[in-house]
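Annotated in Swiss-Prot:
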{"type": "SIGNAL", "residues": "1-31", "note": "signal peptide"}
{"type": "DOMAIN", "residues": "39-95", "note": "domain '4Fe-4S Mo/W bis-MGD-type'"}
{"type": "BINDING", "residues": "Cys46, Cys49, Cys53, Cys81", "note": "[4Fe-4S] cluster binding site"}
{"type": "BINDING", "residues": "Lys83, Gln150, Asn175, Cys179, 212-219, 243-247, 262-264, Met372, Gln376, Asn482, 508-509, Lys531, Asp558, 718-727, Asn802, Lys819", "note": "Mo-bis(molybdopterin guanine dinucleotide) binding site"}
{"type": "BINDING", "residues": "Phe794", "note": "substrate binding site"}
Amino acid sequence: MKLSRRSFMKANAVAAAAAAAGLSVPGVARAVVGQQEAIKWDKAPCRFCGTGCGVLVGTQQGRVVACQGDPDAPVNRGLNCIKGYFLPKIMYGKDRLTQPMLRMKDGSYHKDGEFTPVSWEQAFDVMEEKFKTALKEKGPEAIGMFGSGQWTIWEGYAAAKLFKAGFRSNNIDPNARHCMASAVVGFMRTFGMDEPMGCYDDIEQADAFVLWGSNMAEMHPILWSRITNRRLSDPNVKVAVLSTFQHRSFELADNGIVFTPQSDLVILNYIANYIIQNNAVNQDFFTKHVNLRKGATDIGYGLRPTHPLEKAAKNPGSDASEPMSFDEYKAFVAEYTLDKTAEMTGVPKDQLEQLAQLYADPNKRVISYWTMGFNQHTRGVWANNLVYNLHLLTGKISQPGCGPFSLTGQPSACGTAREVGTFSHRLPADMVVTNEKHRDICEKHWQIPAGTIPAKVGLHAVAQDRALKDGKLNVYWVMCNNNMQAGPNINEDRMPGWRDPRNFIIVSDPYPTVSALSADLILPTAMWVEKEGAYGNAERRTQFWRQQIKAPGEAKSDLWQLVQFSRRFKTEEVWPEALLAQKPELRGKTLYDVLFATPAVSKFPLSELKEDQLNDESRELGFYLQKGLFEEYAWFGRGHGHDLAPFDDYHNARGLRWPVVEGKETQWRYSEGNDPYVKAGEGYKFYGKPDGKAVIFALPFEPAAESPDNEYDLWLSTGRVLEHWHTGSMTRRVPELHRAFPEAVVFIHPLDAKARDLRRGDKVKVSSRRGEVISIVETRGRNRPPQGLVYMPFFDAAQLVNNLTLDATDPLSKETDFKKCAVKLAKV
């Protein structure tokens, strides 16, 4: 049957999504129209992925009752994915938390006690005692926080400021460490600045799309609908999809490539070799704008230093590199021939050549997209660097319709985790804690004593787990994530660390997640439009929303929790005498006074809020807290290539892409005529680097940390499905989404199932060297692994897939490889 462009788009973007949830979209529309007069509408960005779709939120009698795509939103143009259509229902799960819960026994806190409702005063009393004891006995390195790419911008900023400036601890890291850290380090190594240079407008102008380890059809369906539209509008447009298994994005692919896990590094170097051998290097661009460097190799796998793989590594964790000539680089990639690449990857030669030709053709505008397949990789930084190489060799970058683009999975992994600087090594606007000048800039702007911010990099996500188990990290606050389910290797470090009597764990969450139920204190959290917020999406678009309803019961926003808790500490209790001597006027003041009630933050009066505008935090404090924090934070980037617009501009717009200079947003960075930081006559300028040149890195293939063997004979790759988001803590509480995909399954090749006497629907035990999970065999459906590999989603709290995964990380980014470990199957 011939499928028209119109019917294909409709089927993929609307009908299929609605059918998956068992709901008629026209029925939803009729219900909304029928109540329109009684519903109040306001804009907000979607709560889910990093695409940053705009939605219109309908509220009635203090509840969110409807949601629709915002037709004025440039990202999604009125279209939602199936999760977006059900946004209202994520707010109202039957088990929504509405008051603090503390483990208690005989009337007081006990590690093995039962969760008991307490007041916020009681909750903060216990937290205060635990924090002060740890700080007094062990110092700032004994406390830590694990935050989120789902924090609003000012929540992340407040958390980073409280920990790094207030408690003097860099032991704060976001869950974006698990998803975007490799992209960050890749950007910084190649360009000296974080985040993509292009934008979503590239889609309508591209001639070819290459997906590296990205199932956009399910993980970024709105962007996929735009790619689909472009592909079906022009027969000359091509789509290539690379993955370790077939998935829904392959349905549109002209060239669907399944490769052996880890061998994407080989393919990337082969394409670079092909470009050079076919004289496709853009010599003018290359000569003017590119440097070449050879990176250190044999850098280990981010495991504990005692692990045999770390002991065997020659350069564990090394980020070193040295200059090299073009001839040396040419010789380096020449090793990656077509024959060798086909042999190492398992990809047919004709498919490899077709892929390379897309990049080599000077008349093809190519966009490379990637997500977790690249980033959750023990050489994820290298993979990012190597794809940049292809665009830098050909000059296909920083222009409409072509460029490398790292997609994000969380709504503010860019705007909060990265730009704000909530990583353990970062400060706002790409500054880092190890740079004395950067620390000085922050300390002066925050008006705190010189030397307040520690120079030592704090514990990253996996290191926090290890420090908890080792008894070195004793008070741990987890906000806006479900890391007990989402993080790697649950059994060996995280669970023992959380339940260690030496440690006190706080989890702030709207629901009783696996993490919350593993903690000692649960704090009920306001979510989405129950607070005023701001997110930054994958294309550098910053979007604001207003508080539209009140949170249920005693639930409070993460911002409220951070700011109110800061009142519990006086400077003398957290800062040494040497610091206080520099600023004696700060003696006797609380951290709230010196961090959040300063003239810079508190200068915006409540009169700037409309009379009927909800804003619980600001009205309680007596000033416009969110505006004060945002303007203080935005100062760091203005004039330095990270320019954010004035606060009020965002409430009047559907988002703006930074740098925003003189009221104009930037679509394409680093190119003349598009970027205000590139002067006339410069052509291109990668101004994150001192000489304005980007870097091509020579980096080889290196094997995975763990591969199948005779005992554990299958690769395991983990990930998501369309209907659920991450650990399912929100989407599984939406009945329609839960019905559409009620439990996790093991996607397996039919021949692998047959060889193990397994049939579709059978219960199966999946085991690794670290743990086991009971799941269900699936030999059909959307994901079709090759022989030798199984795929499991991690949304199901009843099947903790991360009991299986290895906590190997990229040694440079410290990001976990969730895509490669060895497992075996046994029929139950």
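Each residue, glycine too, has its Cβ placed from N, Cα and C.
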What is the number of other Cβ atoms found within 10 Å of the Cβ of Cys49 ([4Fe-4S] cluster binding site)?
27
Please work out the number of neighbouring Cβ atoms within 10 Å of the Cβ of Gly213 (Mo-bis(molybdopterin guanine dinucleotide) binding site), leaving out its own Cβ.
24
Helix-strand-coil residue split for the domain '4Fe-4S Mo/W bis-MGD-type' (39-95), DSSP-based:
9 helix, 20 strand, 28 coil
Which same-chain residues, if any, lie at least 6 apart from Cys53 ([4Fe-4S] cluster binding site) yet have Cβ under 8 Å of it:
Pro45, Cys46, Gly69, Asp70, Ala73, Val75, Asn76, Leu79, Asn80, Cys81, Gly84, Ile222
Segment confidence, the domain '4Fe-4S Mo/W bis-MGD-type' (39-95), expressed as mean pLDDT:
96
Distance check, please: Cα of Lys531 (Mo-bis(molybdopterin guanine dinucleotide) binding site) against Cα of Cys49 ([4Fe-4S] cluster binding site), rounded to an integer number of angstrom.
19
List the residues in the vicinity of the [4Fe-4S] cluster site, defined as same-chain residues other than Cys46, Cys49, Cys53, Cys81 with C-beta within 8 angstroms of the site's C-beta centre.
Phe48, Thr51, Gly52, Asn76, Asn80, Lys83, Gly84, Pro221, Ile222
Just to be sure I understand the packing, how many Cβ atoms besides its own are within 10 Å of the Cβ of Met372 (Mo-bis(molybdopterin guanine dinucleotide) binding site)?
26
Rounded Cα separation (Å) that holds between Glu218 (Mo-bis(molybdopterin guanine dinucleotide) binding site) and Cys49 ([4Fe-4S] cluster binding site):
11
Measure from the Cβ of Lys83 (Mo-bis(molybdopterin guanine dinucleotide) binding site) and count the other Cβ atoms within 10 Å, all protein chains considered.
24
Counting across all protein chains present, how many other Cβ atoms fall within 10 Å of the Cβ of Val721 (Mo-bis(molybdopterin guanine dinucleotide) binding site)?
26
Lys531 (Mo-bis(molybdopterin guanine dinucleotide) binding site) - helix vs strand vs coil (DSSP):
coil
